[in-house]
Structures are given as structure tokens and as C-alpha cells.
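Participant: Here you go, one structure.
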Amino acid sequence: MEQDRRGPGARLREWLHNVAEGSFFNRIAGKITDFFYRQGAKSKFAGVLTTYPSFTEKKKDSFLYRIFVDLPAKPARAIKKYLTKLYDESVFSGIVSQFSAYLLSTNLISWGLGFIAFGAGIVGMSVLRYLMGGSASLFNTEDFIAVIAVIAGFLFMTSHLSIAQAVLQSRFFHWLIVDVAGFRSEWLEQSGPAATRPIVPLAVGLACGLSTYLFPFYLLPGLLIGLVLVLMIFKVTELGVLLTATLLPFLPTMALVGLMGITLVSFACKYIRGKRAIHFEFLDLMILFFLAALILFGGITSALPAQSLKNVLVYTVFILGYFVIVNTLRSTELVRRALFGMVGSGAVAGLLGLFQYVVGVERSLIWVDTTMFTNIGSRVFGPFDNPNVFGEYLVIMVPIAAALFCVTRGKARYFCLGAFGVMGLSLIFTFSRGAWVAFILAFAVFLVLYDRVFAKLALLLVLALPFLPMVLPANIVQRFASIGNLADTSTAYRVSIWTAGLKMVRDFWSTGIGTGSAVFMLVYPSYALSGAGYALHAHNLYLNLFIELGIVGIVSFALVLLFYFKTVFGGYATVTDRFTRVMLLGLGCGMLGILVQGLTDNVWFNYRIFLFFWVIVGITASAYRSHFEERGETL
């Protein structure tokens with residue numbers, strides 16, 4: 001008798017399938033779900049979402065294409081040629097090339113001396129501060145860093161390899177720099193033979209160490225690392241995109257503006273030199289339409305132009321990041337790297353949230369109505385400083401992790417499952433009701449579209465709803481039951497703001513009031529109801545957009561969403577590659593979740609969530625387009 005080598009999960013699924021196959025519930029559920037699937041497939045709504053008009057196919061025959069593309073093409077090529085020559089012959093280009101080659105070809109012995117000098121400088125400044133009475137203790141955290149630097153320096157001095165050679169021979173760094181970051185092996189091989197150049201590493205290390213007398217120990221080294229990252233992004237634009245997608249939860253807003261800005265400049269330089277191309281589809285045109293409305297009505301015609309234009313500048317950099325993403329991640333492999341980076345950082349954020357729940361965070365109670373929810377100890381906020389914002393991030397990420405779990409095998413599958421688990425638990429512990437509802441709806445759509453079996457399970461769960469309070473924790477049940485309860489101060493506050501917001505729309509529907517909380521706080525008090533006299537925004541994404549940008553802004557945003565979901569569901573209906581197909585569904589359901597949560601909160605109030613929104617749009621479009629480009633097919 002042949003031994004069954006399948007895993008326990010596969011055997012359990014088969015057993016459940018055999019038990020349920022002939023059951024009365026299965027037959028009834030099958031008929032109900034089949035009916036809804038047939039009606040859904042025949043509906044006009046499904047037809048609109050699953051057909052994607054190709055701008056590529058139709059544009060060359062259009063009058064607008066001839067006016068705006070054909071006619072300017074010749075002078076545009078001449079300008080690009082001139083700028084390319086200007087860049088190649090510039091001092092900047094020469095410095096970048098020479099500095100990169102210098103860094104890569106200098107051997108580890110030289111860099112080891114630099115680390116030792118850094119550690120010695122830190123120790124020297126610690127002793128000086130102690131002798132001058134500026135420090136009560138001779139040993140502190142900086143001295144611990146100095147010890148690590150000296151040990152690293154001696155380890156470096158055991159090798160005669162250059163940085164480039166060390167990367168190529170190291171399994172981990174080869175994977176990180178070549179396989180993940182996208183640096184080509186031949187670039188590293190062309191950096192030249194290893195050379196001993198101790199003067200510059202010694203000078204830099206000593207300067208970093210001595211700077212700790214006046215500045216934090218990480219400031220100057222951090223600036224140098226940032227400079228190296230800038231050079232790397234100028235060499236490989238994709239690295240800027242991957243870093244943005246991965247580090248987004250943890251970097252402050254202005255750091256993300258800088259990172260995306262550098263990536264934009266890198267892409268622009270490569271585009272001018274003919275090393276990158278820009279392709280436009282209908283979704284891209286709708287985003288440009290929305291960006292134009294944002295600049296005009298959100299900034300230029302704002303009630304406070306000086307204040308609003310600052311916000312608009314940040315928004316513009318982030319939205320332009322979409323065009324970099326969609327024209328940079330031009331392969332399924334690059335999309336895969338970005339998704340794994342996002343899920344990895346999401347797992348770290350989820351672990352941070354679980355840590356906050358276990359140890360307890362006092363300041364998280366400021367987001368709880370303690371008179372109504374006495375059994376909620378704390379609400380986790382992860383790296384976002386606000387549980388509702390953390391919930392918005394997780395609502396997007398959990399369906400993406402689930403989709404990645406469905407299309408991976410081996411150890412990566414367990415990684416995705418673990419990430420899904422920690423992010424899901426953190427989502428629960430945010431105690432964000434809007435995030436809970438948004439996730440349930442988004443994940444239900446994902447499961448039902450992924451496999452019809454889950455549609456039957458959904459019917460079973462609906463029947464089980466009356467019994468869930470018996471098994472769920474009391475604080476979760478109480479939090480769910482409070483949805484819509486005006487006795488809760490948060491709910492009552494939002495309803496009052498929405499009422500005032502609708503009155504603001506009535507008066508400013510044509511042009512809006514402009515973007516930013518400063519403008520909102522200027523206008524809102526004239527419409528505020530009693531008890532809700534202070535508000536930074538409308539606590540509803542769509543209402544807030546209508547107030548800020550007027551009718552043009554909300555219509556242009558609706559068009560962006562229409563063409564985005566046409567990309568998602570059109571791709572899900574036509575794409576043959578399983579990875580791309582399932583990831584389109586996961587990304588689309590994550591987006592659906594944040595849009596549902598936008599009904600109860602202005603999810604764009606946080607700059608990082610605003611950027612994350614456009615990162616998701618860009619990666620979705622990249623996944624869809626790269627599938628066809630790799631097969632030589634038109635969209």
C-alpha cells in the first residue's frame with residue numbers, strides 16, 4: 001500500500017471536502033452562490049470593471065495624439081539629446097562615477113582603519129566631556145558604539161578584498177545588493193582591483209568620531225550613509241522605489257519626501273539620457289487630471305495659498321512617485337521584490353504592535369472613551385503614533401500578505417503566513433472599528449473571488465453571527481456593538497463634523513476651500529455644531545476631498561478609482577499568470593479596504609498613508625502591465 005505523503009493541511013481539506021460534499025447545506029449553499037456568481041458575471045457593473053480600454057491601441061489614430069505627441073516629438077528628441085550630452089560631460093557626472101569607483105575599489109583594510117578611527121574618536125570625546133564636567137559618567141551608550149566600531153574595524157582588516165569583491169563573494173550581500181537592490185554583477189566587477197587607500201577612510205572615521213562632542217554619534221555617519229544611498233539610487237532607480245515601499249511605515253514624512261524626490265530626479269536623469277521610457281495609459285491620464293485639480297483648487301485658489309501650497313508640494317512629490325513606480329517596476333520579478341519588502345516591513349510593524357499590547361502603552365488611552373469602554377486596556381499604534389492610522393495601514397497590508405501566501409511555496413510561504421498572523425492580530429488590537437469593518441468587507445471580497453468554496457463558508461459565517469458573542473472576547477464584542485452608537489463620544493463627534501461638512505460643500509462645491517488643516521480650521525468654525533467646534537478635517541475621505549477641491553477634485557478622484565479597479569478586475573479576468581492574477585486581487589482588496597475606511601475617517605490626513613495609497617496604485621498598475629510586456633502583448 002502506497003504511503004500518503006501529503007501534508008496534514010491537504011489531508012484535512014480533503015476530509016472536510018468529502019464530509020461536506022453530499023450534505024444538505026452544501027447543496028443549498030452551492031445553488032445560492034452559483035446564482036449570485038451568474039448574476040454578478042452578467043451585470044453591467046461587472047462588465048464595466050472587467051474591460052480595460054487600451055490607450056496604447058487607440059492613441060496613434062487620434063487627433064490628440066498627433067497634436068500632443070507626433071508634433072512635439074522631433075523637438076523633444078533634440079532637447080533630450082542636448083541634455084544627455086550636457087549631463088554626460090558635466091562635472092557632476094564625472095564626480096559620481098569617480099567617487100563610486102573609489103568607494104568600491106578601496107579594500108577592507110582601509111575601511112577597517114576608518115572604523116577604528118571612528119571608535120577612537122568617540123572614546124576621546126567621551127573622556128574630554130568627562131574631564132570638562134559635561135558628563136557625569138565616563139562610560140555611556142556612545143562608548144558601546146565605539147567598541148562595536150573597533151571590533152568591526154579589526155574584522156575588516158583581516159581581508160584584502162575590495163568592497164565590490166567582498167559583495168560578489170558574500171552570499172548574503174550578493175543577495176542583498178545584486179538580487180534585491182538590482183545592482184548588476186558586471187558593474188561591481190568593473191570597479192577595478194582592490195587598492196589600499198587609508199588616508200580618506202581614516203580622516204572620515206576620525207571626523208565622525210570627533211563630531212560626537214557636539215552632535216549625536218549617528219548624525220555624521222548617517223549623513224554619509226545617506227550620501228552613499230543617493231549615489232546608489234542614481235545608479236539604480238529601482239532601489240529608490242523598493243526602499244520607499246519597504247521603509248514607508250518607519251520613516252518620517254520629510255525623509256520620505258527626500259527619498260521619493262531623489263528617486264524622481266534619478267528617473268528624470270535616466271529618462272533624459274534615454275535609459276528609461278514613459279508609457280501612458282488611461283489610469284495615468286486620470287491621475288494627471290487629479291493632480292492638476294489638486295494643484296489648482298487645492299493650492300493656487302486656496303483660502304490660504306501659502307499654507308496650502310506647502311501641503312500640495314508634498315502631495316505632488318508623492319503622486320509623481322506613482323509615475324516613477326509604474327515606469328520603473330517593469331517586470332514581475334521587480335513587483336515581487338517590492339511586495340516582499342512591504343510584507344516584511346508590515347510584519348515588523350505588526351510585531352511592534354503586539355509588543356505594545358503586551359507591555360501596555362499608557363498614552364494609547366487618549367483614543368478610548370474610558371467611560372464607555374472600561375475593559376479596553378490599550379490600543380496599539382505601531383510605528384504610526386495613532387491606532388486609527390495604524391489600522392488604515394494594516395487594512396491594506398493584510399490582504400496583500402494573504403495573496404502573497406497563496407502564490408508562494410517553501411519557506412517564503414511560512415514567512416507570509418507569519419506576517420499575515422502578526423498583522424492580523426495587531427489590527428484587532430488597534431480597536432479601530434472603522435478598520436475592522438473595512439478589513440472584514442475587503443477580506444470577504446478577496447476570499448469569495450479567490451475561490452467559490454469561501455462563498456459557501458461566508459454563508460455559514462452569516463448563520464453563525466448570532467453565536468459569535470459567545471466566543472469572542474468581551475472587549476471586542478463591546479467595541480463592535482458600539483458602531484453607530486451616538487452615546488460614544490467619537491461617533492457623536494464624527495456625525496456633527498459630517499453635518500457641518502455637508503453645509504461647507506453646499507457653499508464651496510465649485511472650487512473648494514484648499515488643502516490642509518489650516519484652511520479647514522479657518523472655515524469650519526462658521527459651520528460647526530455645538531460640541532464639535534474643533535476639527536482638523538472632515539473625518540471622511542470623500543467629504544474632505546469635496547470640501548477641499550470642489551466638484552472637479554471629487555470627480556477626478558472618482559475617475560482614478562474607476563480606472564484603478566478596471567485595472568484590478570480587468571486583470572483578474574484576463575491575466576493568465578497565477579502570481580500576477582492573485583496579487584492584483586490582493587492589492588485591489590487592500591485598496592478597497594482603505595476606501596471603505598475612508599467613509600469614517602479622512603485616511604489621507606496622514607502623509608504616509610497618502611503616499612502608501614499611491615504606492616499601491618503604482619504597484620498594481622506595474623503588476624498588470626509587466627505581465628503583458630513580458631509576453632510581448634498589448635494591454
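Including glycine, each Cβ sits where the backbone N, Cα and C put it.
What TrEMBL says about a protein is an automatic prediction, not a curated fact.
Positions annotated as domain 'O-antigen ligase-related' by TrEMBL: 419-557. Residues or ranges marked as transmembrane segment in TrEMBL: 111-132, 144-168, 254-273, 312-329, 338-359, 390-407, 414-447, 453-472, 508-529, 541-567, 579-599, 605-624 (among others).
Quick one: how deep are these features, and who are their neighbours?
Facilitator: Remote same-chain residues near the transmembrane segment (111-132) are listed as 138-140, 142-143, 145-150, 152-157, 163, 198, 201-202, 204-213, 217, 221 (criterion: CB distance under 8 Å, separation of at least six residues from the stretch ends).
Residues 80, 83-84, 87-88, 230, 233-234, 237, 240-241, 243-244, 247-248, 314, 317-318, 320-321, 324, 327-328, 607-608, 611 of the same chain, all 6+ positions outside the transmembrane segment (254-273), place their C-beta atoms under 8 angstroms from a C-beta of that stretch.
Long-range neighbours of the transmembrane segment (312-329) within the same chain, counting only residues 6 or more positions beyond its ends whose Cβ lies under 8 Å from a Cβ of the stretch, are 237-238, 240-241, 244, 253, 256-257, 260-261, 263-264, 267, 276-279, 284, 287, 290-291, 294-295, 298-299, 335, 338, 515, 607, 610-611, 614-615, 617-619, 621-622, 625-626.
With a cut-off of 8 Å between Cβ atoms, the residues of this chain six or more beyond the transmembrane segment (605-624) that come close are 244-245, 248-249, 251, 253, 256, 260, 281, 283-284, 287, 314-315, 318-319, 321-326, 328-330, 332, 334-335, 338-339, 384, 386, 389, 392-393, 396, 517, 536-537, 544, 560, 564, 567-568, 570-571, 575, 580, 583-584, 587-588, 590-591, 594, 635.
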Participant: Which of 144-168, 338-359, 390-407, 508-529 shares the most C-beta pairs under 8 angstroms with the transmembrane segment (414-447)?
Facilitator: 390-407
Participant: For the transmembrane segment (541-567), name the stretch out of 144-168, 390-407, 508-529 with the most CB-CB pairs under 8 Å.
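Facilitator: Counting Cβ pairs under 8 Å, the winner is 508-529.
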Participant: Are there residues at least 6 beyond the ends of the transmembrane segment (508-529) whose Cβ is under 8 Å from a Cβ of it, and what are they?
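Facilitator: Same-chain contacts beyond the ends: 294, 297-299, 301-305, 307-308, 310-312, 315, 496, 499-501, 535-538, 546-551, 553, 605.
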Participant: Could you pull the average pLDDT for the domain 'O-antigen ligase-related' (419-557)?
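Facilitator: Value for the domain 'O-antigen ligase-related' (419-557), mean pLDDT as a whole number: 83.
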